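According to TrEMBL, the protein carries these features:
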- 71, 72, 172, 173, 174: beta-D-galactose binding site (BINDING)
- 172: active site, proton donor (ACT_SITE)
- 276: active site, proton acceptor (ACT_SITE)
């Protein structure tokens, strides 16, 4: 049974060893509690105590799913099948994360929720033709599930109706494995399994180059890959991220400045990291980047697995 998408609500998934709270406003993770090396639980994502600050736009994409296209599109323009489309320049001179009212600001319907040892919740959203300038109707679903004691899985799918459209969704949680109120993440360590980078210009747009960081072949395959492993020495917590997406934006909250968060916490610069697996930024305007265009009859599928451990 589908719950009408009217009001933002808060939902909880728990399996006895980890607990995640998610709102249908933007499919946003508002808190996620996992144990440290001593078994003590801490909330490791930045966010707010209630839904209201998210509604007021106080979150710099805390915890949400962004779309229809994550990251930047140059000058808010792209051409597809002979038609030029113009998008809102919500981060001048570019369009960012779906525009003024992207998927992160929409109230999604709750399509299904299950409890038990592997609890899950499925949200769905119907994006209309022309919404934020994008072509074609698009049916989107996102399913969060706890697939083991300390593993969260997110499956995102999108199916265009009658028109081809770019689709590149990203999950935009800000992680601090020491705890959301711990301070900076400068003592965390990270390893990223990416053999290439896309250099950017002064407007944070890729130049179109794909530069090897190790001299390895540029190889993208469809299976799930280990994308990154994040560690916090103080708590012993680690998070391995697996994905089938071709790229990842690594962001260290450089522009977060004095946001009043949960439990009176003050979030400043470098208070968390984002690991946004996605298609390449501005791929619609870079023919040598992996395409983000999805045709009618095709299905966009993007899976992320967050595997927590304590070391």
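Keep in mind that glycine also has a Cβ here, set from the backbone N, Cα and C atoms.
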Next on the checklist: Are there any residues at least 6 positions away along the chain from residue 172 (beta-D-galactose binding site) with a Cβ closer than 8 Å to its Cβ? List them or say none.
Outcome noted: 61, 62, 63, 64, 65, 66, 70, 97, 104, 274, 276
Checklist entry - Among all the protein chains here, how many other CB atoms are within 10 A of the CB of residue 276 (active site, proton acceptor)? => result 21
Item to check | Other C-beta atoms that fall within 10 angstroms of the C-beta of residue 173 (beta-D-galactose binding site) | outcome: 26
Checklist entry - What is the biggest Cα to Cα gap, in Å, among 71, 72, 172, 173, 174, the residues listed as binding beta-D-galactose? => result 19
Item to check | Around the Cβ of residue 174 (beta-D-galactose binding site), the count of other Cβ atoms that are within 10 Å | outcome: 27
